Amino acid sequence: MDVDSDVNVSRLRDELHKVANEETDTATFNDDAPSGATCRICRGEATEDNPLFHPCKCRGSIKYMHESCLLEWVASKNIDISKPGADVKCDICHYPIQFKTIYAENMPEKIPFSLLLSKSILTFFEKARLALTIGLAAVLYIIGVPLVWNMFGKLYTMMLDGSSPYPGDFLKSLIYGYDQSATPELTTRAIFYQLLQNHSFTSLQFIMIVILHIALYFQYDMIVREDVFSKMVFHKIGPRLSPKDLKSRLKERFPMMDDRMVEYLAREMRAHDENRQEQGHDRLNMPAAAADNNNNVINPRNDNVPPQDPNDHRNFENLRHVDELDHDEATEEHENNDSDNSLPSGDDSSRILPGSSSDNEEDEEAEGQQQQQQPEEEADYRDHIEPNPIDMWANRRAQNEFDDLIAAQQNAINRPNAPVFIPPPAQNRAGNVDQDEQDFGAAVGVPPAQANPDDQGQGPLVINLKLKLLNVIAYFIIAVVFTAIYLAISYLFPTFIGFGLLKIYFGIFKVILRGLCHLYYLSGAHIAYNGLTKLVPKVDVAMSWISDHLIHDIIYLYNGYTENTMKHSIFIRALPALTTYLTSVSIVCASSNLVSRGYGRENGMSNPTRRLIFQILFALKCTFKVFTLFFIELAGFPILAGVMLDFSLFCPILASNSRMLWVPSICAIWPPFSLFVYWTIGTLYMYWFAKYIGMIRKNIIRPGVLFFIRSPEDPNIKILHDSLIHPMSIQLSRLCLSMFIYAIFIVLGFGFHTRIFFPFMLKSNLLSVPEAYKPTSIISWKFNTILLTLYFTKRILESSSYVKPLLERYWKTIFKLCSRKLRLSSFILGKDTPTERGHIVYRNLFYKYIAAKNAEWSNQELFTKPKTLEQAEELFGQVRDVHAYFVPDGVLMRVPSSDIVSRNYVQTMFVPVTKDDKLLKPLDLERIKERNKRAAGEFGYLDEQNTEYDQYYIVYVPPDFRLRYMTLLGLVWLFASILMLGVTFISQALINFVCSFGFLPVVKLLLGERNKVYVAWKELSDISYSYLNIYYVCVGSVCLSKIAKDILHFTEGQNTLDEHAVDENEVEEVEHDIPERDINNAPVNNINNVEEGQGIFMAIFNSIFDSMLVKYNLMVFIAIMIAVIRTMVSWVVLTDGILACYNYLTIRVFGNSSYTIGNSKWFKYDESLLFVVWIISSMVNFGTGYKSLKLFFRNRNTSKLNFLKTMALELFKQGFLHMVIYVLPIIILSLVFLRDVSTKQIIDISHGSRSFTLSLNESFPTWTRMQDIYFGLLIALESFTFFFQATVLFIQWFKSTVQNVKDEVYTKGRALENLPDES
């Protein structure tokens, strides 16, 4: 808040208190404030001079507030309550705060007419000026700027081409550009539609460019602020001071120091720096404990580090306490010692001996002139390079001073009635104020006048944009100039440069291609290819397909660019600029490596200018790298997943198996929208897949099985950090691997059923929608109906508290069954079953496949005394009564015990061990280190990983583990397919059965067999037996969600019986020492009783309607309904009312009329009037939508009944009531009029209204009395409506004007008052 606003607030508060004190009844307003009540702003109680008020609907401890506190809060929001009509709302209850206006004693009872008239005229002109300014600003900035952008783009394109699309017609070329359509006409409607298309395209382009710039800026800002970035810079260019420079700098700062001491200091600082670097390198290496004892890697630690000499450590600590080698040293001496302000001008020195105590150290000071000679660039970038020893000293001194300052300030605050602590003004050796000390003072709250006396009165930087007519035009001109310059920089120049680059690249590519062609023929490879095609004809077919589809398209684009025949293509137009940008990025990346070549941690770069250039280039390189990775992961992945879902699921179901994709066909009206559709589909799939993985991870499988899929709770997840330090190739390979896994799940999981199994193997259409119900456009009713049905079905299923526990029960059973059959219970579930630790060997095939149970019962010690395979074969020959033996196999293995283990720790896992946890084979740590070093890249040692959860379990792993694991994944896919297909077909069969045998007979009985509704429903029911019906599936799944309750209770009962049943043959399962999970969503205890009390439909209704999205959609629907009704009413009133009356009067008076609708002349020739009517109607509809939006935000948090009541009342007032008042009388008059007119006289009804058409019918020789009466009543009705509205508006205007004049001329002030209690 600036000084002027403080003065205004104080003056306003004093005036209001003065006015309030003059009122005799002010004190009575606060009699209801209870004792102990406090102000919610200052927490103070009420006094006689400063009472408490409750001016809003807040209750409880936040009910009351002081008037002075409220005025300060209002002033902080830049609201002037002294202005007429100023309104302040509470931030908590959003209710207007109650103020009482106090008028002057000499205010007359009636406002003088002259004053009222003058104020009204001034107010009218002021509002007209404001409306004109706002309208002009809206037109220029919202409409004009995008069109200017579009026209400059076309102008630059014509400059690059050297010709215009329509030679000789610059205006047409500027409006239409390079369009594929036929030669357009310069008519008003055609130009308007073209400008509308240009505006929509440019707006999308502008939004994407803004998003791109914001993303790049914030990523750049985050990167340079990341801690690891400064370490990466240090790794590339090292410290600014080499050992030689460090010695020379120490010698310059301490000229009295001998060479031996300088050598010692430089060596100690260098040793400490190397020690820090070695600690960083050790992060890549494996724990040293694993090298000493390969059997203990649970708690890794480094035991091989040699002990350090305590004297060396103490020497270096003494070194750290040496006074700073910069100007902060003088400030420290002045603050801590309270010595005189005189500073020595000569060269002072003190000798520091190794091992001396820090208490005996003497401060060293350097000359002020030497410090002034220090380069400014060196000071600017000191904080960016952490390991530099001198910078480390400076940072430590600055931190100590800051801590001392904070402590002193805190002590001063804690002492009662203590003066505010103000740091003394620090001066350097040259006598200048130290800016760092000023920053410290400002950081702890020192007033600006004390921190820097020269900066008094300077407030925050605010862009002062005043809304004036000339300013609007000036800002628009600035925007036009900026648009021209920006497009020239971002489009014109890069495209021009790209032309030359593409010529170079195409030339190089041609040379390489010709060389490859010559090599192909000279090496005789064409002979081998011809022989291969004769042996395998499919090779020739595949190469022909590649040539026709891929190579042909590439050649087509190449010819279109080189011959300039594809001027309308956006890709061809963007190719040169894109080439320039990619080349620039490559140059930046290469330049950063070139500038830093020859430098490193051992050999630092000392040139500050070169360091600055490298830091800029390196920051840009990192920004491009991170942006590419983020774009691939956030946009590329979802879009690619959406394309694969379209190929494997949506296209076969909603289109045809003969087609590849379906989404581009429904987005034909605007092809770029298909990318958004793909992104939405892919994002939703990835979200649901992540939820499925989370459910399995949390409730079913053992912790640590999915360690390769990072958990959201993983402390090692540092996205920006990992994106910076890991090589681009490694990260791209990980992304490709993730996308490959998604592709397997999508293409094989869905595409096998929709494109192979059902259409080809089963020859069935059960996974295909009937042709009549396939959506063809994204705006068609079929598509939107399917979309809404799927959305509400999802909401209903999620609202059921039985579906999720039932799904968890299903997958627990599946995983338990599959793991037991594959002997993976120990590895997957964490339950060690002894019977799975081997296999049973039978005497022969008869006992193995026919009499397996008898063979197992023949050995009473089958599992208690296992045998080897040789022992079993020997016993089969010796013991004839035993037909089966248990032979153990497999190994025990170390596996991660958590999903959030560190990456380096995982490298030591999955090794076989004995029962005593002894390694069967020593770890090859050197190979692991080398592999980690290759994978980590140049900055891998900077990767700091959390090792808190680095522990392991010992589990049993059977033979052929990989095959069994892949089989488990296949079984999971099989049972997921059974679940999805089973629910789909059961749901459709259920609803089809109910409709065929329940609803259809009733409809046939009520409506008859030939009724259209019955026939259509009967055809749909017949088709549903052989085709997929999405509506039946959705309704049936909702019904099954109700049945899920009974299924869940039945399975719980079965589980209870199974738990009490005793199986003599079952061997007890031994669970690992694994912590118990938190069982969320327990099936019995977590069941929502709302469904049992109110019924499932009320629960579903409550869950759906409580959604903010549903409320928003309801608001949009009501706004559209109101807009449609208001448009229809306006059209009827205009045509059947106003223009009909106008035509009747002009025909009766002048014998003809200016406007005709019956012959469609008004539509053909009077386009300007139609445009004006459309603009007025659009403004009215916009106002209606804005009112509905305000109503939605005002009531979005209310209950559903109040929200429905409010929106329905708004629809009634704005829609139906308006229609009844204005349209119903006209319709009644029209019906009465038509009773007296023969059918032959009613012509051209399709082009206009009946009454208006009949009024212009030339077949009427004379006007009948009924016609005169009709038009007379119509004129009377319209006149009455007009004068009634004018009267209402005049009364409202008069009351508002009188009140505004009172508030502006006679207002003495406004005082706070209590909110009246609701009775």
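Note that the numbers count up from 1, one per residue, in the order the chain is shown.
Every residue gets a Cβ built from N, Cα and C, even glycine.
Per Swiss-Prot, the topological domain holding ASN859 carries the same name as the one holding PHE1203, which places both on one side of the membrane. Your range for transmembrane segment, going by Swiss-Prot and the list 686-706, 1169-1189, is 1169-1189. Ranked by number of Cβ pairs under 8 Å to the transmembrane segment (778-797), the listed stretches 132-152, 966-986, 1020-1040 are led by 1020-1040.
Remark: of the binding-site residues CYS39, CYS42, CYS69, the most isolated position is CYS42 (fewest other Cβ atoms within 10 Å of its Cβ). DSSP assigns CYS69 (Zn(2+) 1 binding site) to a helix in the three-state reduction. Annotation for HIS66 (Zn(2+) 1 binding site): same-chain Cβ neighbours under 8 Å, separated by at least 6 residues, are CYS39, ILE41, CYS42, GLY44, ALA46, ASN50, PRO51, LEU52, PHE53. Long-range neighbours of the transmembrane segment (740-760) within the same chain, counting only residues 6 or more positions beyond its ends whose Cβ lies under 8 Å from a Cβ of the stretch, are 637, 641, 644-645, 647-649, 652-653, 657, 685-686, 689, 766-768, 973, 976-977, 981.
Below 8 A, the CB atoms of the transmembrane segment (627-647) and the transmembrane segment (204-224) form 3+ pairs separated by six or more positions in the chain.
Shown in sequence order, ARG40, ILE41, ARG43, GLY44, ASN50, LEU52, MET65, SER68, LEU70 are the same-chain residues outside CYS39, CYS42, HIS66, CYS69 whose Cβ sits within 8 Å of the Cβ centre of the Zn(2+) 1 site. By the Cβ criterion (distance under 8 Å, sequence gap of 6 or more), the transmembrane segment (469-489) is not counted as touching the transmembrane segment (1020-1040), fewer than 3 such pairs being found.
Here the transmembrane segment (132-152) has Cβ contacts under 8 Å with residues 174, 195, 198-199, 201-203, 205-206, 467-469, 472-473, 475-476, 479-480, 483-484, 487 of the same chain, all six or more residues outside its ends. Only residues 6 or more beyond the boundaries of the topological domain 'Lumenal' (987-1019), in the same chain, are considered here, and those with a CB under 8 A from a CB of the stretch are 1025, 1028-1029, 1032-1037, 1039-1040. The average pLDDT computed over the topological domain 'Lumenal' (987-1019) stands at 83. Residue counts for the topological domain 'Lumenal' (153-203) under DSSP, helix first, then strand, then coil, are 32 helix, 0 strand, 19 coil.
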